[in-house]
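Comments concern the structure below.
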Amino acid sequence: MAGVALKREGPQFISEAAVRGNAAVLDYCRTSVSALSGATAGILGLTSLYGFIFYFLASFLLSLLLVLKSGRKWNKYFKSRKPLFTGGLVGGLFTYVLFWTFLYGMVHVY
């Protein structure tokens with residue numbers, strides 16, 4: 001009986017400040033990847049549907065990397081897995097389009 005560890009059952013307490021901090025880190029990652037992938041799409045000269053497909057592929061790759069980084073203990077850092085996949089997706093799209101059109105214009109038009 002000496003080798004039996006006692007587990008404390010009950011509600012799991014989550015720090016709201018830590019949750020907000022983790023959400024801010026996710027938002028920063030999404031914004032950075034959106035800007036970088038938008039610049040890449042503009043330099044590569046991607047247009048119309050290919051440009052949007054490139055954004056969603058880059059966003060999916062980031063989501064996959066975030067899930068791999070959080071590992072099996074994702075509930076230690078987030079309330080649900082949904083923010084890892086969809087958090088900041090639309091806001092990142094606006095950043096992507098901004099960098100995409102700017103660099104496309106600078107490289108291929110002027």
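The count begins at 1 with the first shown residue.
Placed from the backbone N, Cα and C atoms, the Cβ positions cover glycine too.
Residues or ranges marked as topological domain 'Cytoplasmic' in Swiss-Prot (evidence: similarity to another entry): 1-28 (among others).
Annotated topological domain 'Lumenal' per Swiss-Prot: 45-50 (among others), in sequence order. Same-chain neighbours of the topological domain 'Lumenal' (45-50): 100, 104, 107-108, counting only residues six or more beyond its ends whose CB sits under 8 Å from a CB of the stretch.
Positions annotated as topological domain 'Cytoplasmic' by Swiss-Prot, on the basis of similarity to another entry: 72-89 (among others). Sequence-distant neighbours of the topological domain 'Cytoplasmic' (72-89) (same chain, 6+ residues past either end, Cβ-Cβ under 8 Å): 12, 14, 18-19, 22-23, 26-27, 30-31, 59, 63, 66.
Summarising the annotation, Swiss-Prot assigns topological domain 'Lumenal' to 107-110 (among others) and lists similarity to another entry as the type of evidence. Residues 42-43, 45 of the same chain, all 6+ positions outside the topological domain 'Lumenal' (107-110), place their C-beta atoms under 8 angstroms from a C-beta of that stretch.
Among the features that Swiss-Prot reports, transmembrane segment is placed at 29-44 (among others).
If you look up Swiss-Prot, you'll see 51-71 (among others) marked as transmembrane segment, on the strength of similarity to another entry.
Look at Swiss-Prot and you will find 90-106 (among others) tagged as transmembrane segment, backed by similarity to another entry.
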Residue distribution over DSSP helix, strand and coil in the topological domain 'Lumenal' (107-110): 3 helix, 0 strand, 1 coil
Other parts of the chain folded back onto the transmembrane segment (51-71), taken as Cβ under 8 Å at six or more residues beyond its ends: 26, 29-30, 33-34, 37-38, 40-41, 77-78, 81, 84-85, 89, 92-93, 96, 100
Tally of residues which DSSP labels helix, strand or coil - the topological domain 'Lumenal' (45-50): 3 helix, 0 strand, 3 coil
